[in-house]
């Protein structure tokens, strides 16, 4: 892989965002992160070649779904991360374009496998 694939990570928790980015970079990916809707808007308005979005819903208001629609319309695959299994959130995530939903705590092998499979598409 000559050019590192760019993954956008979105999380309101600074600590979790830092850990996720460190993990992904160790696995050979390039990351860019957003900690708020404003930061997410700024990143989405740039012409970056984002290959995947990892979006932790925790702490975001319902306006996050509009951003999910924007990501979907740009044809960027994204995974939603949630702190608990919730059918309503899962259905909303899929309806707004998420390819899958992961529940915390993340199982590392499954998580990496999903990332690799989405980046092959």
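If you go along the chain as it appears here, the first residue is 1 and each next one adds 1.
Cβ from N, Cα, C; glycine included.
Annotation comment: TrEMBL describes 6-119 as domain 'Response regulatory'. For 56, the entry in TrEMBL reads 4-aspartylphosphate.
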Averaging the per-residue pLDDT over the domain 'Response regulatory' (6-119), what integer do you get?
95
DSSP-wise, what's the residue breakdown of the domain 'Response regulatory' (6-119) into helix, strand and coil?
52 helix, 26 strand, 36 coil
